[in-house]
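Trainee: Input: one structure, supplied below.
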């Protein structure tokens with residue numbers, strides 16, 4: 001065969017593509033309907049693209065049957081090659097090979113892989129010409145592969161078979177011995193050529209990454225592609241911009257200087273205050289984030305992660321992380337799957353302890369998906385391994401924007417309110433009972449009736465917060481999509497910090513004091529009832545409990561921004577249920593109870609005008625500090641979310657005013 005024909009045959013034979021059986025549709029084959037003679041499937045879309053591309057040039061891969069691979073050449077002749085051995089692809093070797101025998105008895109090894117893996121193993125061919133072409137294709141953002149071959153004599157093939165057989169039968173270190181055997185076999189190759197595949201970005205991938213960056217989320221790209229290909233992809237998806245200054249931490253740079261010097265120079269570049277840096281010790285963090293982009297390859301990462309001779313294994317890692325903190329984007333290229341997981345783990349264990357999210361669509365991404373706090377798998381052409389090992393699965397990368405910036409935003413706000421509100425309403429519930437002990441001689445006399453103690457968290461106050469935590473939307477969905485920067489208001493666990501927790505606790509204690517002492521001073525007046533009769537301790541406890549239930553429910557109503565009929569039904573229905581239950585509980589003599597201490601207590605309380613006034617005043621006083629705090633903070637120190645809410649309300653009022661004016665003008669015209 002000529003070299004050009006060998007190149008085409010190598011692409012037809014060196015792969016793991018399977019030919020899908022044609023399905024008949026109304027007597028016609030699906031392949032005929034789609035205009036293709038064969039339907040190819042593979043875990044790698046690149047392999048399918050290469051086989052389909054070579055098919056357009058006249059070489060069609062037909063099938064693998066009885067260990068024979070069949071291809072159709074441009075002369076419409078079927079060529080059969082016996083598949084003798086397959087040296088499978090792995091992320092360390094970055095290549096795969098097949099050993100086949102033609103009908104004429106010639107034995108070939110065809111090898112296909114990354115240029116960094118193939119070029120060191122070739123001895124003949126147009127090496128310089130193909131290398132320059134590969135670099136040009138990589139700069140254009142194309143994914144490149146190199147193809148080489150080797151012809152075996154019968155004696156050489158027998159030694160190869162013996163070498164592989166011994167490695168496969170090894171009882172210990174089988175993988176290591178197979179890798180050593182592959183290294184011995186895949187050498188002294190003849191370079192045939194190179195391929196370039198356009199890996200198009202998914203729909204709205206650039207918009208999604210841009211939105212994530214505006215939201216304050218740092219985006220790192222971990223890929224096994226060449227540096228030039230990955231950099232071109234980063235520019236296409238707007239991770240790198242025209243004004244981004246690229247910093248390289250690659251093997252080429254480290255060969256020119258020592259790793260320590262390269263890290264020092266990069267750190268001095270990205271840090272604003274570099275006066276305190278020395279060659280032996282440098283640290284610090286720039287207060288102003290510069291628009292830098294860092295590019296690091298797998299070999300450089302291995303040197304950074306490798307322990308130093310003096311035992312200070314973490315020194316280089318800290319310096320590397322220091323540089324990354326001051327870069328707006330980081331590109332990690334030529335990464336093996338385990339290195340991707342190492343990067344994620346390194347970020348997780350840094351001193352800031354950030355929350356990490358890993359997203360990928362292939363088997364190479366599984367390790368980092370499992371390592372991250374949150375793993376997301378994309379179901380696509382590269383199989384479902386990533387989706388099956390992830391916490392969440394999405395069909396397209398663009399759905400990550402809504403998943404994080406909308407659903408993530410909503411559920412963080414909802415869960416934060418749920419946690420804080422539960423503490424608040426139980427502080428309001430228990431603290432009056434604690435205060436009551438100082439006035440009952442520490443006799444363990446309960447302030448509330450047993451039924452109220454049981455049903456407070458089960459029935460009276462449970463449904464409103466449950467519905468809030470499922471349906472609340474403090475900002476509209478479209479607004480969150482349009483303004484990704486609103487996500488910054490909830491970053492770094494903003495709503496569950498100690499300051500917020502202390503505020504909710506203080507609010508609960510304040511309300512509890514108002515409930516108890518407000519009712520206490522009200523009961524100190526003998527004119528509470530029309531006949532001058534004093535209320536008893538159960539009436540006192542019922543009054544406190546009534547103010548408690550109404551206050552905590554109305555507090556949640558004030559925090560609700562998204563009102564539907566379900567919200568109205570649950571919130572006002574919970575208050576109505578409490579009133580109806582209290583009327584029934586105190587209005588009927590229940591024969592199965594050994595005591596009737598609550599009989600007519602609730603009705604007696606409602607028959608008192610001062611009690612009604614006291615309930616209204618205590619509820620108002622309890623809610624007033626929180627209302628004033630929200631008004632003052634919204635006016636003086638509004639967050640981006642609060643400014644958006646105010647703007648949205650103003651627009652709604654303006655639109656309704658215009659609508660009313662248009663209606664008025666229409667009526668006047670008639």
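Yeah, the Cβs are placed from backbone N, Cα and C, and that goes for glycine too.
Below are the features listed in TrEMBL for this protein:
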BINDING   47, 89, 112, 143, 223, 224, 225, 334, 340, 364, 365  ATP binding site
BINDING   361, 365  Mg(2+) binding site
DOMAIN    387-639  domain 'P-type ATPase C-terminal'
TRANSMEM  451-471  transmembrane segment
TRANSMEM  501-523  transmembrane segment
TRANSMEM  535-557  transmembrane segment
TRANSMEM  569-593  transmembrane segment
TRANSMEM  599-624  transmembrane segment
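So that I understand the layout, could you describe where these features sit and how close they are to other parts?
Mentor: Within the same chain, the residues at least 6 positions away from residue 365 (ATP binding site) whose Cβ sits under 8 Å from its Cβ are 337, 340, 358, 359, 377, 386, listed in sequence order.
Summed and averaged per residue, pLDDT over the domain 'P-type ATPase C-terminal' (387-639) gives 88.
Below 8 angstroms of C-beta separation, residues 449, 451, 455, 459-461, 463-464, 467, 542, 546, 549-550, 553, 556-557, 560, 599-603 of the same chain, each at least six residues beyond the ends of the transmembrane segment (569-593), sit close to that stretch.
The list of residues near the transmembrane segment (599-624) in space but at least 6 beyond its ends in sequence, with Cβ under 8 angstroms from a Cβ of it, reads 510-511, 514-515, 518-519, 522, 525, 527-530, 535-536, 538-539, 542-543, 546-547, 550-551, 554-555, 558, 582-583, 585-587, 589.
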Trainee: Under a criterion of Cβ-Cβ distance under 8 Å and sequence separation of at least 6, what residues of the same chain contact residue 223 (ATP binding site)?
Mentor: 230, 233, 331, 332, 333, 335
Trainee: Residue 225 (ATP binding site) to residue 361 (Mg(2+) binding site): how many Å between their Cα atoms?
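Mentor: That comes out at 15 Å between the alpha carbons.
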Trainee: In whole Å, how far is residue 361 (Mg(2+) binding site) from residue 47 (ATP binding site) when you measure between their Cα atoms?
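Mentor: Cα to Cα, residue 47 (ATP binding site) and residue 361 (Mg(2+) binding site) are separated by 16 Å.
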Trainee: For residue 361 (Mg(2+) binding site) and residue 112 (ATP binding site), determine the Cα separation and express it in whole Å.
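Mentor: Residue 361 (Mg(2+) binding site) and residue 112 (ATP binding site) have their Cα atoms 22 Å apart.
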Trainee: Restricting to the chain of residue 112 (ATP binding site) and a gap of 6 or more, list residues whose Cβ falls under 8 Å of its Cβ, or answer none.
Mentor: 10, 11, 14, 15, 95, 96, 97, 118, 145, 146, 147, 148
